[in-house]
Amino acid sequence: MSLSSRLSEDVEKDHGHHLLEAIPEGQISSINKTGLELYEKAQDVSEEEDYEMYKKIVRKLDFRIVPLLCFTYMLQFLDKLSLNYASAYTLIEDLGLEGQRYSWVAAVFNFGYLFWAYPGNYIIQKLPVAKYTSFMLFSWSIILVGHVGLKNYPGALVIRFLLGMFEAGISPSCMMICGSFYTIQQQPIRMCLFLSFNGIATMLGALLAFGLGHVENATVTQWQLIFLVIGLINFVWSIIFFWFCPDSPSGAKFLTEQERSILIKHIAKNNQGVKDQKFQKHQAVEAIKDTTVLMLGAIGLACGVINGGSSNFISALIRGFGFTGIEATALQLPLGAIELVFVLVGGIIALKVKNTRCIVLFVFCIAPLGGLIGIQTIPLERRWDLVGCSFLQYIIGGPIIMCWTLLNANVSGSSKKTAANGLWFLMYAAGNITGANIFYANQAPKYRSGIMGMLTSYCGIMALAILIRLVYMRRNSLRDKELGEQTEEQAEQAVLNGFMGMTDFENKGFRYSL
C-alpha cells in the first residue's frame, strides 16, 4: 500500500485532528510541521468566526505585504529603466557606447541575471525569503550608486553584469512571498498589483529623469544623478523591507497566533504546504519533464525578447521618429499608465472569473501585436501614430504576470517549484539578451529585425497559451474520472499531501487552475 493510501486511511479514521500523528517521522519539514500544527488549531474555530476573522486577516495582509511587494517591484523596475533614461542624455557619448556597444551594455545585465537565475531560486528555497530579498535590495543599491564612477565601456559591462546578478532573485522572491500569504484565487490580483507598479516606476522614472535633465552641475552629469538618486532610494528601502516583511505566515508577528492559524488553514487549500528547505532532486527532474513547465519556460523566453527590446530601445525608437532626447523621455510618461491599467484589468478578470488565466494571457498579446505591425507599416511622417504603436509594447507586463500566476498555482512541491521558477527566469533572461541584441543601429529608425523578433514572440505566446490550457483541462478531467467528485476526506488528504511536500503529479487531489 502506498504512503498516500495509508495516510488517507488515517485521515478518515481521525478526521480533522492529530493529523501530524498520521505522518511518518521524517516525511515533513520543520517549517511545514509548524504550519500543520497551526492548521490543526484552526479546526476548532466555527465557520462564521473563521469567515469574519479571515476577512480581517486579508485586510491586514493587504496593508502590510502588498505595499512592501509593490514598492520593491517598482524600485527593481526603476533600476532596469535607469540605463534607458540615462541614454537620453550624454551617457553614450561619455562612456563611448556608440554602435552595438550600448546594446551589449543593455544585454550584459541579463547575462548577470541568467548567471544567477538558478542559484538565486535555490537560495530562496534554503534561506528566509524576506531576509534574502532585503540583502539583495541593499546590494544592488550599492551597485547603482557605483554607476556614478563609470569612466568607460569595460566598467559599464562589469557593473551592469553585477546589477543583473543581484536583481535575479527579486521576482521569484516576490512570487514566493505572495504565494505564501494568499490563496490561489487571491494571488492574480495581488501579483498584478505589484507588477503594475512597473507602470508607476515608468512614470516616476520619466519624471525623475526629466527633472534631473534640467540640473546644471559641472561636477555631476544628468545621467550620473539618475543613478545616484535611484541608488540612495533603494538603500533606504532595503532597511525598511528587512524590518517589516515576514518570511512566512507562521512568522508573521503582526498577526496573533489565532490569526496565523486561520491564515494557514486557508492557504493550505492551495495544497502546497508552507515551505520545505530540503532540496528534493526527483522533484527538480519532474519539473524538467513536465510539458507545461517547459511551455511556460518557452513563454518566458518570448516575454524576455519583447521586454529586452522594448525596455532598452523605446527611447531610441521615439527619437528615431523625430523627437529630441528630452522629448523622448517626457513621452514615456504615459507608458506607465498604460501598463498599470492593462495589468490591473487582467488581474481583476482572473480574480472575478475563475479559470481565465490562459485566456487573459492570450488576449494580452493582441494589441501589442497590432502595434508592432503598425511600426513597420506606418510612414515616418505620421510620427504620433508610431509613438502610439510603441506605447502598446508596455503591455508585456500582462503576459509576464499571467505566467507567474500559472506557475504559482499549478506547480506544487518546493523543489519542483524552485526548478520551474528557475527555468522560467533562466529563459526570460536569455530572451532579454536576445531582445537587446536584435535591434541594429544601421536599421534605425524602424529596426526591422528587432520588431520582427518581438512579433514572432507574441505569436508564440498566443499559441502556447492555448496548448497549456488544453493540457491542464485534460489533466483535471483524468483526475476527476479517476477519483470522482472530491469528498471532504479527499480534500483534507490533498491538504495533508501538500504539507508533506508532494508535487502536483504526486498529489492526486491537486487540481490545476486554467
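In case you wondered, yes, glycine gets a Cβ from its N, Cα and C as well.
Annotation source TrEMBL lists domain 'Major facilitator superfamily (MFS) profile' at 65-477.
Long-range contacts of the transmembrane segment (61-78) within its own chain (CB-CB distance under 8 A, at least 6 residues past either end) are made by residues 133, 137, 140, 167, 170-171, 174, 177-178, 181-182, 190, 193-195, 197-198, 200-202, 204-205, 230, 233-234, 237, 241, 244-245, 254, 263. The transmembrane segment annotation in TrEMBL covers 61-78 (among others).
TrEMBL lists 102-120 (among others) with the feature transmembrane segment. Among residues of the same chain six or more beyond the transmembrane segment (102-120), those with a C-beta under 8 A of the stretch's C-beta atoms are 80, 83, 87, 92, 95, 153, 156-157, 160-169, 172, 304, 308, 312, 422, 425-426, 428-430, 432-433, 436-437, 439, 441.
The annotation transmembrane segment is assigned in TrEMBL to 132-150 (among others). Outside the transmembrane segment (132-150) by six or more residues, the chain places 72, 75-76, 79, 82, 95, 123-124, 156, 159, 162-163, 166-167, 169-170, 173-174, 177, 220, 224, 227-228, 230-235, 237-239, 241-242, 245 with a CB less than 8 A from a CB of the stretch.
According to TrEMBL, the feature transmembrane segment maps to 162-184 (among others). Within its own chain, the transmembrane segment (162-184) is flanked in space by residues 61, 65, 69, 72-73, 76, 79-80, 108-117, 120-121, 123-124, 129-130, 132-133, 136-137, 139-140, 143-144, 190-191, 194, 245, 248-249, 252, 263, 266-267, 269-270, 272, 274-275, 404, 407-409, 421-422, 425, 429, 513, which lie at least six positions past its ends and keep a Cβ under 8 Å from the stretch.
Under the heading transmembrane segment, TrEMBL lists 191-213 (among others). Listed by sequence, the residues of this chain that lie at least six past the ends of the transmembrane segment (191-213) yet keep a Cβ under 8 A from its Cβ atoms are 66, 69-75, 77-78, 81-82, 85-86, 88-89, 174-175, 178, 222, 225-226, 229-230, 326, 329-330, 332-333, 335-341, 343-344, 346-348, 350, 394, 397, 400-401, 404-405, 408.
Annotated transmembrane segment per TrEMBL: 225-245 (among others), in sequence order.
Tertiary proximity for the transmembrane segment (293-318) is limited to same-chain residues at least six positions away from its ends with a CB under 8 Å from its CB atoms, namely 80-81, 83-85, 87-88, 103, 106-107, 110, 287, 325, 327-329, 331-332, 335, 361, 368, 375, 386-387, 390, 393-394, 396, 399-400, 403, 406-407, 411, 419-420, 423-436, 438-439, 444-445, 447, 450-451, 453-454, 457-458, 460-461, 464-465, 467-468, 471. Taken from TrEMBL, the feature transmembrane segment covers 293-318 (among others).
Annotation source TrEMBL lists transmembrane segment at 330-351 (among others).
Same-chain neighbours of the transmembrane segment (358-379): 299, 306, 317, 342, 346, 349-350, 385-386, 388-393, 395-396, 398-399, 402-403, 406, 446, 448, 451-452, 454-455, 458-459, 461-462, 465-466, 468-469, 472, 514, counting only residues six or more beyond its ends whose CB sits under 8 Å from a CB of the stretch. Residues or ranges marked as transmembrane segment in TrEMBL: 358-379 (among others).
Summarising the annotation, TrEMBL assigns transmembrane segment to 391-411 (among others). Long-range contacts of the transmembrane segment (391-411) within the same chain: residues 171, 175, 178-179, 184, 187-188, 191-192, 195-196, 198-199, 202, 270, 287, 290, 292-293, 296, 299-300, 303, 306-307, 309-310, 314, 334-336, 338-339, 342-343, 346-347, 350, 357-358, 360-361, 364-365, 367-368, 370-372, 417, 420-421, 424, 428, 454, 461, 468, 472, 503-504, 512-513, each at least 6 residues beyond the stretch ends and with a Cβ under 8 Å from a Cβ of the stretch.
Annotation source TrEMBL lists transmembrane segment at 423-441 (among others). If you look at the transmembrane segment (423-441), the same-chain residues 6 or more away from its ends with a CB under 8 A from one of its CBs are 99-100, 103-104, 106-107, 109-111, 113-114, 117-118, 120-121, 164, 168, 171-172, 287-288, 293-294, 296-298, 300-310, 312-313, 316, 400, 403, 407, 447, 449-450, 453-454, 457.
According to TrEMBL, the transmembrane segment annotation covers 447-472 (among others).
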For this session: Across the whole of the domain 'Major facilitator superfamily (MFS) profile' (65-477), what does the mean pLDDT come to? Round it, please.
Result: 88
